[in-house]
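Novice: Just passing along the structure, written as structure tokens.
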Amino acid sequence: MTNGTEATRPAARQLALFIGLMVLVGLNLRPALSTLAPLLTRIQQETGLSALAIGALTTLPVLCLGIFAPLAPWLAKRFGPENTLAAALLLLAGGLLLRGVPAVVALFGGTLMVGAAIGVAGTLLPALVKRELPAGADLMTGVYTMALCLGGALGAGLSIPLADALGGWPAGLASWALLALVALVAWRVLMPRHDATAALPGGAGSTRELLGQPLAWQVMLFMGSQSSLAYIVFGWLPTLLVARGYSEAEAGWMMGASVMVQLISALSAPWLARLGRDQRPALLIVLGMVAAGFWLLLQAPAIWRWPGVVLLGLGQGGGFSLALTLIVLRTASSRLAGKLSGLVQGGGYTLAAMGPLAVGVMLQLEVGLASVTRVLLGIIAVSMGFALLAGRNRRLEVDDAGRLVTR
């Protein structure tokens, strides 16, 4: 009994360290995106960028997520997932520091770097969780998604105060490199010890086989449609709220509060998903909350703004958490989870980039908030359709003959 208890202590400590590392890494994967939106008015005034160029700036990191996410499985196979994640954190810190240079080229270059880094890192996390915690991968996904939401909330809420305290938006944006460097050092020192180039375990099938599975496309299209709403919030919600008559600071704090509320649903959504036979009811509930939140914030009287903030946050936190949870629930091995993660996040984020770009074009054309709201509700309706398909209780696995099948 004593020997058994002593044997479990190192494993428990290792598990606690891994969970802590996932939380720390997750904290870094949203501030680079959420810090930009509250500062867009200042950036536009000081740089002279047009509304279309600002729209491109908000779209660029999301597009980079889509372009670089599919590279993560190959990089993990070539260099090992631990080393690849460390390199992504280093690239993230470098991109954040580059955004501190008060020049348009540096702003766009740094934004490209952080988008690439987040694309690779975010794709690796589901596979690492599936490897280290195969039985509780869905619940652990909720934990690190909560960390992502917390990082996004801190970025949105502290963006303007940091810019004011540090003497301008460049220093405010660059200050987040410190958190990335802390995560990098912690990961290198405490990361799980495996063979440096060992592949994630389990069969995966080829990418071509994966593309031939309707389930993979359904999860990807759900990820893309719901993510487009999230990046519209990160890129444009403060601007839309200012157009409604709120101050710049109040709009930033409303966005920050909404993202902070995501912590609750990001952590609880995987538990909610376990209650039914499949995930369709949970997915429809969170998307309904998003629809109600957008309408209350952009169309209802101002007295309803805080219920709108709460509903939007609960819906988006739950939606993103469930989208990531689907990756681990719909795969039979960590290696297959890594491949599906690359496909889903790569294709999904490429699709999601169209959302903030479309809103930027609409604002450039000076369309009203009513038209923007209708577009947002239309995206939610499409996402609900994909949720009904992706939420069914099925799984991708490699059969005894080595073929990728859906069961």
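Glycine is no exception: its Cβ is also placed from the backbone N, Cα and C atoms.
Among the features that TrEMBL reports, transmembrane segment is placed at 12-29, 49-72, 84-101, 107-129, 141-163, 169-190, 253-273, 282-304, 310-329, 341-363, 369-390. Under the heading domain 'Major facilitator superfamily (MFS) profile', TrEMBL lists 14-395.
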Novice: Using a cut-off of under 8 Å between C-beta atoms, tell me which stretch among 84-101, 253-273, 341-363 contacts the transmembrane segment (282-304) the most.
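Specialist: Answer is 253-273, with the largest number of Cβ pairs below 8 Å.
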Novice: Take every residue in the domain 'Major facilitator superfamily (MFS) profile' (14-395), average their pLDDT values, and give the whole-number result.
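Specialist: Summarising the domain 'Major facilitator superfamily (MFS) profile' (14-395) by its mean pLDDT gives 88.
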Novice: So what's near the transmembrane segment (310-329) in sequence-distant terms, Cβ-Cβ under 8 Å and 6+ beyond its ends?
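Specialist: Those are 125-126, 129-130, 137-138, 141-142, 145-146, 148-149, 219, 222-223, 226-227, 229-230, 233, 257-270, 272-273, 279, 282-283, 285-294, 296-297, 337, 340-341, 344, 348, 383, 390-391, 395, in sequence order.
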Novice: Against the transmembrane segment (84-101), which of these stretches has the most C-beta pairs under 8 Å: 12-29, 141-163, 253-273, 341-363, 369-390?
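Specialist: Stretch with the highest Cβ contact count: 12-29.
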Novice: Excluding the flanking five residues on each side, which residues at least 6 beyond the ends of the transmembrane segment (253-273) place their CB within less than 8 Å of a CB in that stretch?
Specialist: 30, 34, 37-38, 138-139, 141-143, 145-146, 148-150, 152-154, 156-158, 233, 237-238, 241, 246, 279, 282, 285-286, 293, 297, 305-306, 309-310, 312-322, 325, 329
Novice: Is it the case that the transmembrane segment (341-363) and the transmembrane segment (12-29) have 3 or more CB pairs under 8 Å, with pairs at least 6 apart in sequence?
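Specialist: Stretch pair does not touch.
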Novice: Taking residues 6+ outside the transmembrane segment (141-163), which of them lie with a CB under 8 Å of any CB in it?
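Specialist: 19, 22-39, 42, 125-126, 129, 169, 171-173, 175-176, 234, 248-249, 252-253, 255-257, 259-260, 262-263, 266-271, 317, 320-321, 324-325, 327-328.
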Novice: Determine which recorded stretch among 12-29, 169-190, 369-390 has the most C-beta pairs below 8 angstroms with the transmembrane segment (107-129).
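Specialist: Selected stretch: 12-29, with the most Cβ pairs under 8 Å.
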